[in-house]
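To keep things clear, I will list the structure first and then write my remarks on it.
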Amino acid sequence: MKTGNQSFGTDFLLVGLFQYGRINSLLFVVIATLFTVALTGNIMLIHLIRLNTRLHTPMYFLLSQLSIIDLMYISTTVPKMAVNFLSQSKTITFLGCEIQMYVFLALGGTEALLLGFMSYDRYVAICHPLHYPILMSKKICCLMVACAWASSSISAFIHTLYVFQLPFCRSRLINHFFCEVPALLSLVCQDTSHYEYTVLLSGLTILLLPFLAILASYARVLIVVFQMSSGKGQAKAVSTCSCHLIVASLSYATALSTYTKPHSLRSPSWDKAVAVFYTIVTPLLNPFIYSLRNKEVTGAMRRLLGSWICCRKYDFRFLYS
């Protein structure tokens with residue numbers, strides 16, 4: 001049965017991050033370790049925010065959503081990449097590739113928009129503190145998160161639907177470690193220049209606009225912060241904003257370099273190296289940047305560990321009394 005896409009129902013072959021078989025076992029251990037650390041960090045942060053009532057604020061609600069996204073985000077690409085280091089068959093089915101690309105685009109777009117909303121939260125908290133309970137109410141926070149998920153999911157669905165109806169008649173070899181739009185377009189045997197403009201427009205809308213909003217928000221925040229007379233207030237605000245800017249810069253800069261670059265200037269090796277940052281490094285760093293640089297989170301963690309140790313001591317004394 002022939003359709004507009006001649007490769008429907010066939011498998012793709014993922015080249016992977018590197019093509020050096022002798023170090024595949026080492027790479028598997030490294031990637032598996034990073035994956036485990038990322039999962040542990042994000043799960044701990046989610047549970048810490050859920051269990052500690054002092055962290056039930058709009059800022060930490062958005063942060064918990066970021067951790068949930070990162071959990072799903074890193075689980076979309078890394079397990080398959082790690083398994084391929086040890087497997088002789090590096091294939092991924094047509095449907096599997098389609099699902100992976102859709103989930104990856106939906107989660108990536110949601111995270112990009114969510115980081116923008118988080119910068120708005122800090123802007124309102126510092127520049128308009130009296131209006132904060134109104135402008136960042138529970139209803140508005142939930143609406144922000146819902147809009148981020150819905151808009152990104154729709155955009156991802158449209159891109160996935162279009163890409164996988166194109167004719168893949170050149171090669172089955174995807175020069176990447178997961179199914180990403182630029183890598184798949186190189187397998188298409190028709191002119192995709194018009195669609196690449198659509199990808200560029202989507203990248204500018206979903207990535208560049210929130211990033212510019214973040215920069216504008218924090219520019220205003222820094223102006224207000226350095227007008228404060230309280231050194232303690234300055235330190236707290238700068239600490240929170242610097243954490244967010246580190247995460248935002250990693251996420252947006254690497255993603256923009258992939259999704260706004262013309263096809264003629266692409267290098268598969270460079271694209272894979274950059275992709276490591278927004279698929280592995282960012283989800284790995286997020287929970288530690290926000291927790292280790294945030295006194296409220298570290299304080300909540302100490303209190304939680306303290307109560308756990310006390311409970312363990314009480315149980316131990318009860319058993320041997």
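Any Cβ shown, glycine's included, is placed from N, Cα and C.
Unlike curated records, TrEMBL annotations are generated automatically.
The transmembrane segment annotation in TrEMBL covers 26-48, 60-79, 99-120, 140-164, 200-225, 237-255, 275-293. As annotated by TrEMBL, domain 'G-protein coupled receptors family 1 profile' applies to 41-290.
Only pairs six or more apart in sequence are counted, and the transmembrane segment (200-225) with the transmembrane segment (99-120) gives three or more Cβ pairs under 8 Å, enough to call it a contact. In this chain, the transmembrane segment (60-79) touches the transmembrane segment (275-293); three or more CB pairs sit within less than 8 A of each other, excluding pairs fewer than 6 residues apart. Mean per-residue pLDDT, taken over the domain 'G-protein coupled receptors family 1 profile' (41-290), amounts to 88.
Residues 17-18, 55, 63-64, 67-68, 70-71, 74-75, 78-79, 81-82, 85-86, 280, 283-284, 286-288, 290-291, 297, 300-301, 304 of the same chain, all 6+ positions outside the transmembrane segment (26-48), place their C-beta atoms under 8 angstroms from a C-beta of that stretch.
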